[in-house]
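Colleague: This is the structure I have questions about; it appears just below.
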C-alpha cells in the first residue's frame, strides 16, 4: 500500500513540481513580482495563452470555451508611417556603424563616396531609404496661378520647377514619391508660389507701402486654414510635417503674422539667412539657380585646371553692402582678381568663369546668390562671401572640401588668401567641384541625387527627426 502511494505521489507530484517551477521562473523574470505586461507578447501569442488558460480552468463550463474573441486593434495610418520611419532610421544607423549600405539594385544609380560628404554611408543609405519609403502629398486645394504654378526660369526658377515636378510629373510612372492618397504620406507640401503671389497680387509696386506683406500673409494663412479644416494632417502634427519651397526674397516672411502657429512648419528657402529667422534644425536651404529659358542649365565652358589663367572672377551689380565693399577694393584694380559691375562687348560671362580658378560669390541684397551654382557648373571653386548664410544641403555636403569661405572683413585680403592655397589642395577642390555638380543639376523628370531629389532629401531628413504621437 505504501509502495503504491509512493508511486502515485511521484506520478502526481513531479508534474505539480514542474508546473510550480515554471511558474516561478516565468514570474520572477519580471521585477517586483508584477505580471508580465501584455505588450511583451505578440497579439497571436497572447490570444493563444488566454484561450488555453480558460479551457484548463473551467473545462466543465461551456461559456468559457466560447468567450468573445479578443479583438486586435489595427494600427492607424500614422502608426504605420511612424514604423516605416523607424525602420529607415535603424537602417541608416546600421550603415554608419558597419560602414556598409544595403540596397535594391533598382535604386543604385550612383554611390556617394569621398570628401564632399559629411558621412557618405549615412547619406547613401538615407537616400536609399527615401527612394523606398518616402511619400509626399501635395495638397490639391487652390487654383493657378497662385497655387500649383510658379516661375520655371531665371533666379526663381527652382520654385516653379519643384512645384511642377511634385504636383504633376511625379504623378506619372516615375512618381515614386507622390502619395496616391494623403493617408499614405509622411510629409505634406503646400504648393503655393511666393514669386507668383508677388507678381500677380503686388505688381506694379509704385510706393514703399506696396511692399507691405499683409496680403501675402492673408493668402498664406487662408490657404493653411482651408487645408487644416478640410484635412486632419496639419492639426495632427501642428504643421511639423508640412513644408513649402521658395526662392523669392519675401519667402522668409510668410509665417510672420502667426509665428507661434507656424513655429514647426518647414520652409525650403534660397534666402537662408540665420540672422533673419532661418532655423537650421527645421528649415532647409535650397540653391538659387538661374535657369535659362528653354534650357535647364547654361552651356559648360569650363577649362582644365592648367588652362584656368584667372585667379578669381566676379561680374555683377553692386547690390548690397558686401558687393559695395568688394567693388571698392577690387573693381578694375587687379589682373588676377577680376571684378566687374558689367561686361564689355565681346566678353562672355560663362567663358570667363570657365577660365577662372576661383569664382567670387558675394551676397547681394539677400544672402542667396546664383553665383555658387554657376561656379559649380563651370568647374570653378566657389568663394562664398556672406554673413549668416546657411549653405544648401549643408546637412550632407561638406562645403569646406569644394569651396572657400571668406568673411566680409577679409575682402581686402582675397588675393593673398587664395594665392596661399597650395596647388595640390586647389586640384582636390577642383575635382570635388566636378563631383558635387550632380547634386545641383536640374533634371526633368527628376533623377536620383539631382537637385530636386536633394531638396526632397532635406525634407526627408527633417521628417526622420520628427516622432509624431499616435
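FYI, residue positions are counted from 1 along the chain as it appears here.
Cβ atoms here come from the backbone N, Cα and C positions, even for glycine.
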Colleague: Can you check which of 33, 235 Swiss-Prot annotates as N-linked glycosylation site?
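Modeller: Going through 33, 235 one by one, Swiss-Prot flags 235 as N-linked glycosylation site.
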Colleague: For residue 273 (N-linked glycosylation site), find which of the glycosylation sites 100, 235, 307, 388 come within 10 Å, Cα to Cα.
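Modeller: Within 10 Å Cα-Cα: 388.
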Colleague: How many Å separate the Cα atoms of residue 307 (N-linked glycosylation site) and residue 100 (N-linked glycosylation site)?
Modeller: 39
Colleague: Can you give the mean pLDDT for the topological domain 'Cytoplasmic' (1-7), rounded to a whole number?
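Modeller: Over the topological domain 'Cytoplasmic' (1-7), the predicted model scores a mean pLDDT of 49.
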Colleague: Would you identify which of the glycosylation sites 100, 235, 273, 307, 388 has the most other C-beta atoms lying within 10 angstroms of its C-beta?
Modeller: 273
Colleague: Write down the Cα-Cα distance for residue 100 (N-linked glycosylation site) and residue 388 (N-linked glycosylation site), rounded and given in Å.
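Modeller: Between the Cα atoms of residue 388 (N-linked glycosylation site) and residue 100 (N-linked glycosylation site), the distance comes to 35 Å.
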